[in-house]
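What TrEMBL says about this one:
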DOMAIN    30-157  domain 'Beta-hexosaminidase bacterial type N-terminal'
DOMAIN    161-515  domain 'Glycoside hydrolase family 20 catalytic'
DOMAIN    561-614  domain 'GH29D-like beta-sandwich'
DOMAIN    650-749  domain 'F5/8 type C'
Amino acid sequence: MIKYIFILLTGFLASIVTGCDNTNLTRSISMVPRPAQMMPGSGNHLFSDQTVFAVENEEQAEIARGLITLFTRTAGFTPKLNVGGEGNVRLLTDPSLKSEAYSLEVSPPEIVIKASDNKGFFYALQTIRQLLPPSIERESLLDKKLEWSIPVVIIQDEPRFGYRALLLDASRFFIPKENVLRIIDCMSMLKLNTLHFHLTDDNGWRVEIKKYPRLTEVGAWRVDHQDLPFPARRNPKKGEPTPVGGFYTQEDIREMVAYAAERQVEIVPEIDMPAHSNAALTAYPRLACPTVKDYIGVLPGLGGRNSEIIYCAGNDSVFNFLQNVMDEIMELFPSRYIHIGGDEAQKTHWKKCPLCQARMKKENLANEEDLQGYFMKRISDYVRSKGREVIGWDELTNSSFLPEESIILGWQGFGQAALKAAEKGHRFIMTPARIMYLIRYQGPQWFEPLTYFGNNTLKDVYDYEPVQKDWKPEYASLLMGVQACMWTEFCNKPEDVDYLLFPRLAALAEVAWTQPDKKDWALFLKGMDRYNEHLAEKGIVYARSMYNIQHKVTPENGVLQVKLECIRPDVEIRYTVDGSEPTASSSLYTDSLTVTATQTIKSATFAQGEQMGQTLVLPIVWNKATGKPILGNKPNEKLMTNGLRGSLKYTDFEWCCWEKSDHISFTIDLLQKEKLNAFTIGCITNYGMAVHKPKSIRIAVSDDNETYREVAGLNFTFRDIFREGTFIEDFSMDMKGTEARYVRVTAEGAGECPADHVRPGQEARVYFDEIMIE
Ligand code: ACM
Ligand code: ZN
């Protein structure tokens, strides 16, 4: 045996010396996040009722019990636990290791785990958990006999970042306690250590505060508009019933905090201020600026102008209230950090409010941004006086001063605003919305449930590298870590949250834990597949979007080029062009396909003869404009002549967009003179997102692209333009058989959305697709 371990260790040491592990061997052991060093051996270590965990103290015993319980529950035997004695799974303190680091040596007769703290021991046991048969996650006794073994391996592991976080938004969708607990357990398996709990917002206050019972009696409940997508929901009226919501009692919170702590997860509560506070202000309207005359209600959606109603910064009772809330929050959450929000505060009311203006004068504040600086600093000073540290969203950098020692969470765009704080020596965390907001689509949109904006695929999350080449060296030392944000605007049931979280949470974990030079997409997928099997055993339905195909159809010199892509390199794309369903023996897609006439392409991904993703149907329909260039060669405009219609999702990469009302003009070159009978253009309305048809469309034609003659046009009424709903309309115009080579479309957008719109004052956007010329 001694010889055996010696051989293993020599191999391991050699791998450390050469700085790389044996990738061929490593491939056979899959886990996520990928460990720093891993050296597989041969054989297995079998767990049984003969297994004895030998621990040094009661704290380690508690950690070991976490794993032992899984065996009792599922495998039907209970490994023994020996505090201060002998055993074959031995936990040994090694003060030379860093916090959270561990070493794990698995051999057939024994397992030796070393760490300097409980976190390290816990993570070693999570590694063992992932290596066990996934059935270990079952809630009940397994009815068949399984070999509860893990492969022989030596692992040295430690995290890249100390702060590895997930935000859960319980305000937009009240996530039941049981689901939060399950998510925490899944986080711990991935060695994530922080749950940023977004407990308050315009859409619901979710934590019981004894001193202010109305926060949950009133603030946790809102009107039911779940029949509409979040951004399209209208504000509540006074007296409307408020059946939708829920809240966590203080008892619930204590249970969640303890459950998380057992899994080395710290829950960082967020009480958002001064904005995102309509739920609190519904309960206590006196805390808004006295200039607010509108009815304040818990918002079911974005809120329009009501989202501009925020805590008054000139009223001392607001600070008194927030300090009292913080007292109870700090009593409930023993976390090192408290998040005090600070995002998206519009200063509409502060500019008009006599109390806010008086405060600015008295405190010598240059403008309303500095008034927010004052607000955040005052709360921060209070929280810090109780021995806690403060985190805030990156808008805190809008003020000329930041709360002392505050930690900035960079979210806007690619998180650049956080660097303004780093410049002043502040620590920061990166959660760029463009990559780390899990509310975005995780795969080709035609297959996904409706949500916001563009895509953040599994691969986008995986590829995220927070430390940029152009950073000053000191920025990297101030970067505490990374976070993914699970905003729940589009979640109506707990399964919706699981679907958006998994498996992208595994990609976050690898960004947070694994050094960049150790990241390997193909190996990650194997580890993630293994993790997903664990999720499945827990009853979690994770997304299979990673197996779906993203298409791109582009006009090129009168024909269409069809590109099909899947983010998984371990699948084949098979397709048909005869309308039949694709199978494992259909044509193999290797390079782009050329299409010259109406044709339906069906494709799907396959592995080991099995279909892995959903079937993509591309119903390409040819007309005189199809495949033809649009002058100017703008990529977006090419979408209008690619033979494919955009879906009801205006963000599906099939629609051509104009953000402004003017300068909507483009010219199609039919490449030769054609007889033109009818011109049709598709246009989408998405009321909630301010996507509307234009005021007018004009069609002009030309033979030489110099002299144009107008041949058709349409006008739309204001009422028709701002009709509510999500729908596509085709606008057809009679071209009366005119002959021409060039067709120019000019349109005028509708301008600002009216005052009674859900997005009042916002510029309406125009989306066209497809152009059909007969
Ligand atoms: C945020 O997304 N408003 C932080
Ligand atoms: Zn005010």
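For all residues, glycine too, the Cβ spot is worked out from N, Cα and C.
The domain 'F5/8 type C' (650-749) and the domain 'Beta-hexosaminidase bacterial type N-terminal' (30-157) are not in contact, since fewer than 3 Cβ pairs between them lie under 8 Å (pairs 6 or more apart in sequence).
The average pLDDT for the domain 'F5/8 type C' (650-749) in the predicted structure is 97. DSSP places the residues of the domain 'Beta-hexosaminidase bacterial type N-terminal' (30-157) in helix, strand and coil in these numbers: 36 helix, 42 strand, 50 coil. Applying DSSP to the domain 'GH29D-like beta-sandwich' (561-614) sorts its residues as follows: 0 helix, 26 strand, 28 coil.
Across the range of the domain 'F5/8 type C' (650-749), the DSSP-based residue counts are 7 helix, 64 strand, 29 coil.
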